[in-house]
Amino acid sequence: MTSQLKRTLTKRYGVLELWEIIVIALFAAFIVILVLSVWLSFRKKSKRSNATTLPVTQSPRFTEEIKEISVDHGSSNNNGTSYQTLDEKFVEDIENGDKFSGSLEKKPLVGSHLPPSTPSTTAPSPLLGLPEVSHIGWGHWFTLRDLQLATNHFSKESIIGDGGYGVVYHGTLTNKTPVAVKKLLNNPGQADKDFRVEVEAIGHVRHKNLVRLLGYCVEGTHRMLVYEYMNNGNLEQWLHGDMIHKGHLTWEARIKVLVGTAKALAYLHEAIEPKVVHRDIKSSNILMDDNFDAKLSDFGLAKLLGADSNYVSTRVMGTFGYVAPEYANSGLLNEKSDVYSYGVVLLEAITGRYPVDYARPKEEVHMVEWLKLMVQQKQFEEVVDKELEIKPTTSELKRALLTALRCVDPDADKRPKMSQVARMLESDEYPVMPREERRRRRNQNAETHRESTDTNKDNDITTDAKI
């Protein structure tokens with residue numbers, strides 16, 4: 001048996017014996033299997049890497065939660081014709097040269113709390129010196145341990161804000177960079193949704209008047225966002241006394257903050273695709289740096305919309321007093337909703353009042369309605385914040401009031417774009433509406449008044465006849 005096997009294996013096939021051919025074949029098969037194994041392993045790793053990497057150029061998508069409808073430019077949501085009449089009356093007063101009282105005349109600028117602007121320089125990256133951790137297209141991927149160390153294990157002393165979304169902590173990274181860590185609530189599904197909304201809204205955008213999103217943490221059930229830290233408070237704190245230890249905002253500082261906010265919104269609405277509707281514009285969401293440059297923050301309610309589209313919501317989100325009437329009434333949302341909210345903030349900065357304050361007399365509870373009544377009665381000096389040591393000039397106040405009134409127009413289609421708002425506030429001209437539009441409204445109001453007068457006369461005649 002052994003000798004027969006030996007003869008078989010030593011049998012020659014050409015120049016090689018059979019056993020040599022078998023050894024060569026086995027070796028070749030081993031090499032092929034090894035090469036295939038290495039190739040498959042490399043390919044698997046490559047796929048896994050691609051699955052966790054979001055290209056920077058990829059447009060954020062949120063279509064599964066956005067219902068788009070075409071815009072009907074012919075429609076309007078005019079539920080307050082008296083407001084339009086009031087705005088028109090104010091414009092006519094300006095054109096006729098009506099003056100404010102002498103108490104608003106310009107005075108020397110003293111005691112300003114607005115520090116001199118520092119020359120703009122290229123700031124070093126706040127992530128400089130941090131260890132390289134996995135990146136997902138943008139920003140920095142922080143570990144839970146990183147943020148625990150930064151916030152002293154999320155101590156109560158580190159809390160700088162909270163709300164229905166979660167808690168915001170002040171922290172310091174290992175490279176000494178101060179940050180604001182937004183820790184979303186661990187509600188099943190909701191934290192992931194809020195996280196995705198905010199990342200898609202601001203993760204890829206860059207503007208000097210938008211608070212910068214530095215990175216994030218996704219670990220277990222934890223969802224956290226890491227923002228640059230603004231140590232100069234927000235507009236609400238400055239307007240309503242929480243920053244009284246630093247003084248009061250001057251008129252110039254207020255306008256500077258509002259112009260910066262307008263430019264940030266113009267960028268979100270007009271410069272990127274899909275456009276971003278913030279949906280929660282209010283004074284507490286406008287942060288400030290040491291030079292009083294505005295930094296718009298909190299994109300937890302933001303919506304991404306395509307061109308010429310609205311969002312229809314079954315649940316109205318936002319802050320009472322700032323929400324646009326058409327959105328509150330019908331759930332119809334677009335960028336003009338932000339314009340209305342911005343107008344409320346501008347009036348808040350002018351008056352120093354909250355949009356809704358039930359501690360005030362009944363006719364003064366709603367700031368927008370009260371202000372329009374005051375303008376109608378030509379009590380312009382009464383609307384200016386009493387805390388302003390140096391009042392704005394006549395032209396400055398007119399410009400700001402007219403801009404705000406256009407922003408809070410009850411007809412959303414007649415509100416200006418935010419780029420126009422920024423130009424209005426920076427311009428030396430009054431932001432009046434086109435003459436043809438004013439003439440049309442004037443004729444419409446006159447016709448309405450004439451019809452009302454005729455109706456009253458008919459009623460009087462009927463009453464006399466009965467007597």
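Quick reminder: no glycine exception, Cβ is built from N, Cα and C everywhere.
The ATP binding site annotation in Swiss-Prot covers ILE160, GLY161, ASP162, GLY163, GLY164, TYR165, GLY166, VAL167, VAL168, LYS182. Swiss-Prot lists ASN50, ASN79 with the feature N-linked glycosylation site, giving sequence analysis as the kind of evidence. Positions annotated as region 'Disordered' by Swiss-Prot: 102-126, 413-467. For 1-35, the entry in Swiss-Prot reads signal peptide, with the evidence type sequence analysis. As annotated by Swiss-Prot, topological domain 'Extracellular' applies to 36-123.
A count of other CB atoms within 10 A of each Cβ picks out VAL168 as the most crowded of the binding-site residues ILE160, VAL168. Residues of the same chain that lie 6+ residues outside the signal peptide (1-35) never bring a C-beta to less than 8 angstroms of a C-beta in it. Counted within 10 Å of its Cβ, the other Cβ atoms near GLY166 (ATP binding site) come to 23, all protein chains included. Packing around ASP162 (ATP binding site) is summarised by its Cβ count: 12 other Cβ atoms lie within 10 angstroms of its Cβ, all protein chains included.
When averaged over the topological domain 'Extracellular' (36-123), pLDDT in the model lands at 44.
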